[in-house]
Amino acid sequence: MTAQLIDGNALSRQIRAEVAQRAAALTEGGHRPGLAVILVGENPASAVYVRNKVKACADAGLHSVLEKYEATMTEAELLARIDALNNDPTIHGILVQLPLPGHIDDHAVIEAISPLKDVDGFHVASAGALMVGETGFKACTPYGCMKMLESIGMKDLRGKHAVVIGRSNIVGKPMAMMLLAANATVTVCHSGTADLGHHTRQADVVVAAVGKRNVLTAEMVKPGAVVIDVGMNRNDEGKLCGDVDFDGVKEVASWITPVPGGVGPMTITMLLVNTIEAAERAAAQRA
Ligand SMILES: Nc1nc(=O)c2c([nH]1)NC[C@@H]1CN(c3ccc(C(=O)N[C@@H](CCC(=O)O)C(=O)O)cc3)C=[N+]21
């Protein structure tokens with residue numbers, strides 16, 4: 001058996017076309033949606049990601065502003081920029097690219113962003129809203145994973161067992177909350193889990209979000225399971241690869257996401273969706 005691919009590029013194209021329509025309608029009504037992206041320092045990977053985000057905005061008809069700062073920028077200076085963007089009516093979403101230089105406290109910066117403009121979904125208010133089922137912005141990567149499941153007819157996960165590997169604040173924990181909200185029975189595994197395979201073999205859905213190659217191999221997967229790979233690693237040849245042993249697992253799973261072309265593009269797509277959502281809410285407030 002060979003798994004079918006959940007194509008993140010194709011699904012992104014579909015969703016981004018809807019985003020473009022909503023962006024055009026907003027712009028026509030005098031509420032052009034705007035995203036501010038802040039990049040501090042010279043991390044080459046960050047520079048690529050940020051460029052992709054800005055390009056995705058342009059393609060969908062969103063206004064975007066890229067603010068680049070030297071690595072020597074102080075935390076106070078960055079907080080002052082965020083304060084200005086919080087009060088800028090042309091900006092509906094604020095994204096501060098992580099990681100930040102070591103002398104800046106990520107947490108303080110994220111908490112300074114208005115929750116109304118927190119399109120990354122990283123603010124404690126956004127995390128709390130997800131936890132209690134209130135309206136807030138969902139973290140883009142797990143939100144994208146949920147859209148991928150939805151695209152294969154798995155919007156409601158009642159009766160299904162989902163296993164999340166990884167417990168980060170930006171992927172594992174919000175992923176578990178979203179799966180729970182979709183009625184799955186959820187297990188969260190992590191570096192302290194004794195027998196990972198024991199858990200993953202029970203799973204109808206496995207989400208791997210560790211940041212390490214070959215965390216999930218074929219013998220750890222129940223035949224017919226759906227496998228979502230959030231990992232972004234490089235193999236020995238320098239090629240991009242996920243957390244899943246793709247070649248092995250694809251022989252066991254029913255559906256699998258590739259890397260690249262899977263969760264990565266969906267992360268950017270959901271950033272656009274959140275930004276449109278933020279702009280629509282702001283427009284409704286002003287109407
Ligand atoms: N505030 C903040 N928000 C983020 O969302 C955020 C961040 N900081 N810091 C870094 C990570 C990383 N990230 C990616 C998004 C898309 C791809 C992506 O589209 N990847 C392509 C491949 C790109 C390539 O070829 O290198 C793919 O998987 O097909 C990758 C990585 C967002 N991040």
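Cβ atoms are placed via backbone N, Cα and C, with glycine included.
Look at TrEMBL and you will find 6-120 tagged as domain 'Tetrahydrofolate dehydrogenase/cyclohydrolase catalytic'. Note on the domain 'Tetrahydrofolate dehydrogenase/cyclohydrolase catalytic' (6-120): DSSP counts are 60 helix, 18 strand, 37 coil.
Sequence annotations record features per position, and here TrEMBL assigns domain 'Tetrahydrofolate dehydrogenase/cyclohydrolase NAD(P)-binding' to 139-282. Summarised by DSSP class, the composition of the domain 'Tetrahydrofolate dehydrogenase/cyclohydrolase NAD(P)-binding' (139-282) is 54 helix, 26 strand, 64 coil.
According to TrEMBL, the feature NADP(+) binding site maps to Gly166, Arg167, Ser168.
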Residues satisfying Cβ distance under 8 Å from Gly166 (NADP(+) binding site), sequence separation of at least 6: Gly172, Met175, Cys189, His190, Val207, Ala208, Ala209, Val210, Gly211, Val230
Cβ within 8 Å of the mean position of the Cβ atoms of Gly166, Arg167, Ser168: remaining residues of the chain near NADP(+): Val164, Ile165, Asn169, Val171, Gly172, Lys173, Val188, His190, Ala209, Val210
